[in-house]
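According to TrEMBL, the features are:
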DOMAIN    1-70  domain 'U-box'
REPEAT    262-294  repeat 'WD'
REPEAT    352-393  repeat 'WD'
REPEAT    394-434  repeat 'WD'
Amino acid sequence: MNCSISGEVPEEPVVSKKSGLLFEKRLIERHISDYGKCPITGEPLTMDDIVPIKTGKIVKPRPVQAASIPGMLGMFQIEWDGLMLSNFALEQQLHTARQELSHALYQHDAACRVIARLKKERDEAVAILAQAERQIPMSIAAPNAANVAALSNGKRAAEDDEMGPDGKKVRPGISSTIISQLSECNAALSQQRKKRQIPPTLASVDAVEKYTQLNSYPLHRTNKPGILSLDIQYSKDIIATAGVDTNAVVFDRTSGQILSTLSGHSKKVTSVKFVAEGELVVTGSADKTVRVWQGTENGNYDCRHILKDHTAEVQAVTVHATNNYFVTASLDSTWCFYEIASGLCLTQVEDTSESSDGYTSASFHPDGLILGTGTSGALVKIWDVKSQTNVARFDGHVGAVTAISFSENGYFLATAAQDGVKLWDLRKLKNFRTFTPYDENTPTQSVEFDHSGSYLALGGSDIRVYQVATVKSEWNCIKTFPDLSGTGKATCVKFGPDAKYIAVGSMDRNLRIFGLPGEDGPSES
């Protein structure tokens, strides 16, 4: 008798009490352990229902075909034919699968293109809607229907803004109410400055001398490395970086985690600034646009405004002390004064003088009524924000002014260019000290006072920290950090809260933190 499962004579025969069927012991045991039922009848079956049968030793008869060489050759031929047929069927299935995969990939690529086009049209429509919403409260006469912003074939119409008789966009200007607000902020901050003392929690000179690299965080893409700007939100200890890879990144230094990646610009992001408590981020880019990003509950940042008032690369963004306004500076030789809430450009100031080179850097004075700008023509220009007039010019640099920073005391201005760093006394409007840390072929890329006005950091082929002194006293270099990126270009440097650490961006993709070893946790603010 044969096994009911294999159809062969069993070596260890057993019989089921329930069905009376004969099985090979090892086969039925495995089936019962897997399924718990009879493989033939489907009835529940356990090992207790199996009874072994005692038989004599069974000698399996040799198949007739295996009794001779011609028979065995015939068996091999049959198996070979079956193998070839199976292989042919597999090749047909593989060919069909490849065709289906190719078709699916083509459909996926087409779908991605359609989605990208729809996203672009959506963004342009949102930008036009935002522009229309900003124009509603304006006191300017309503434009004719023919001049209203329109969307045609996914492209923004040219009649977005009303044009004046000189062919330039009409701006509402900085109103007397806004000027009063700026003046009140200036008076309050000036009064506070007179009473302000250096905080006892500020890092000491001895501590700064012991600073070393604590961490290095790869925040940007490797195919387009480079961090061009950074900003720190002191109360939350979060850092924003602007990258060559067209992205800005918001990073939590305490946890070492990326909070959000701000994607939207089409070219490198040249400047980034926090507004207020970090709920807003403003970015400027080489794609000629400025974007305002709004923080959300889930920690991400959504693009709130796309501002297209410049006609060349936006090189700098600086936020006013009220946190209600910001200024952008561009290579188109203009700077724009924006209202943050509406994203409206209140005024666009163009220098009509002969030396109207493009702007490469900009920064508000701590009190907010003075704006400092650096140009590609080596000039530093000081502006009165209320009247938008150029009230002072500093020359003497060689090459573009790459960075500009006001001291918290309100008296000192530091500017960086190809020839190094110059310090200016704003009371006497003259240069009182010049640092030339590098050779003539190595520009100084960044310069920054700390929030207390006690330290000055500059970056180029390395990073150097100076102790701030007076006009007549010597400013000593207390610490020099090597450029660990290997690029020879430290593009941006910023002090953390109470100068407890220094954040540095270079032309690789890493943000580096320098501080006291063992104190790389949260800093007091």
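In case you wondered, yes, glycine gets a Cβ from its N, Cα and C as well.
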DSSP-assigned states of the repeat 'WD' (262-294) in counts, ordered helix, strand, coil: 0 helix, 20 strand, 13 coil
For the repeat 'WD' (352-393), mean pLDDT (0 to 100): 90
Three-state composition of the repeat 'WD' (394-434), taking helix and strand from DSSP: 0 helix, 22 strand, 19 coil
Per-state residue totals over the repeat 'WD' (352-393) - DSSP helix, strand, coil: 0 helix, 22 strand, 20 coil
